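Q: Swiss-Prot lists these features:
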- Arg41: L-glutamate binding site (BINDING)
- Trp101, Thr152, Asp172, Gln195, Asn237, Thr238: pyridoxal 5'-phosphate binding site (BINDING)
- Lys196: N6-(pyridoxal phosphate)lysine (MOD_RES)
Amino acid sequence: MRVFNFSAGPAAMPEEVLRQAADEMLDWQGSGMSVMEMSHRGKEFMSIHEEALVDLRDLLEVPASHRILFLQGGGLGENAIVPMNLMGAKPRADFVVTGSWSQKSFKEAQKYGTVHLAASGQTAEGFTRAPARSEWQLSDDPAYVHLCTNETIHGVETFEIPDLGDIPLVADASSHILSRPMDIAKYGVLFGGAQKNIGMAGVTVVIVREDMLDRAQSICPSAFEWKTVAENNSMYNTPPTYAIYIAGLVFKWLKKQGGLAAMEARNVEKSKLLYDAVDTSSFYLNKVERGSRSRMNVPFFLADESRNEDFLAGAKARGMVQLKGHKSVGGMRASIYNAVPLEGVKALVEYMKEFEQRSA
């Protein structure tokens, strides 16, 4: 029996994608091979690779001014790869810190240049808000401004993306990419690990504006230098072939669902249902300001934290798993990515109400 999986990542996958991957495991479309066995330069995999690129460009409406790269290293890897690729001429960057992931980015970039904290969403309650553009105190002529547009751990999402003029905006969109339409033209660089909404762990999507491909530091490894990767169509080294194949299946699934506008409508409905259950309760609490609440990652706390393990055990008995909050903040967290069905959120809300009544 399949469960409702609320994991923050690796996360729930569309069942249709899993079934197709299973059907094609031993023999991809009459090739007599699994995708795992294909040469990354063979015509079979090249067709998979190109279709994935085309479908992702269509879904996100990526303009011709931007290149799409398939890399490795995950979001954390990009915390080093980004500064090494952009601090060649200007070894300085600004950061808007809204949670744990942008904190890690801020710290990692210090190895490659000077960093400046332009704004922080930290309050006495922890990271609970996305600072407005009017609060950003930018330094003089930084190489870029870094922003994590969705903080997976704290459940903080940035919805208003400012136009910074000539200053490139770099966004870690790992945990909400493909959950809603985005104006890619506003970003110099946008990246995301795959294991949330893109597919399985192993591939990292980097979308970079063409004019930013030639700004790398000399220490940047060739395999992670965006210019080299772009010139070789993400084939400079052996790419994560199976992860790209799975991502391609997810992209086609998203298009069948109606694209990102349709996914946004679903995600608004799911997240509203869950936040309403928290807000109308005296037993559950979410600390994030309403205008900054993530649609993908919903953390909540029980009024009586001694009941946490009881809550998790009861949820598991009802077929709902991976609800434990991150160890750094505690409580609960429901990650409701694209592949988590509305029925799963309804089941969770029903259980939350039942558990509250039993705890009264």
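Placed from the backbone N, Cα and C atoms, the Cβ positions cover glycine too.
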Q: By a 10 A CB contact count over all chains shown, which of the recorded positions listed here is most packed: Arg41, Lys196?
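A: Counting every other Cβ within 10 Å of each candidate, the maximum falls on Lys196.
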Q: Non-local Cβ contacts of Thr238 (pyridoxal 5'-phosphate binding site) (under 8 Å, 6 or more apart, same chain)?
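A: Spatial neighbours, sequence-distant, of Thr238 (pyridoxal 5'-phosphate binding site): His40.
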Q: Given that the record lists Trp101, Thr152, Asp172, Gln195, Asn237, Thr238 as binding pyridoxal 5'-phosphate, what is the largest C-alpha to C-alpha distance among them, in Å?
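A: The two farthest binding residues have Cα atoms 30 Å apart.
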Q: Just to verify a number: CA distance, Arg41 (L-glutamate binding site) to Asp172 (pyridoxal 5'-phosphate binding site), in angstrom, no decimals.
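A: Per the Cα atoms, Arg41 (L-glutamate binding site) and Asp172 (pyridoxal 5'-phosphate binding site) stand 29 Å apart.
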Q: Going along the chain, which residues six or more apart from Asn237 (pyridoxal 5'-phosphate binding site) have their CB under 8 A from its CB?
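A: Listed in sequence order: Ala223.
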Q: For the C-alpha pair, I'd like the distance in angstrom between the residue listed as 'N6-(pyridoxal phosphate)lysine' and Trp101 (pyridoxal 5'-phosphate binding site), rounded off.
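A: Roughly 15 Å, rounded to the nearest whole number.
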Q: Counting every protein chain present, what is the number of Cβ atoms, excluding its own, within 10 Å of the Cβ of Gln195 (pyridoxal 5'-phosphate binding site)?
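A: Around Gln195 (pyridoxal 5'-phosphate binding site), other Cβ atoms within 10 Å: 24.
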Q: Find, for the listed binding-site residues Trp101, Thr152, Asp172, the residue with the lowest Cβ contact count at a 10 Å cut-off, counting only other Cβ atoms.
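A: Checked Trp101, Thr152, Asp172; of these binding-site residues, fewest Cβ neighbours within 10 Å: Trp101.
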Q: Which of the three DSSP states, helix, strand or coil, fits Trp101 (pyridoxal 5'-phosphate binding site)?
A: helix
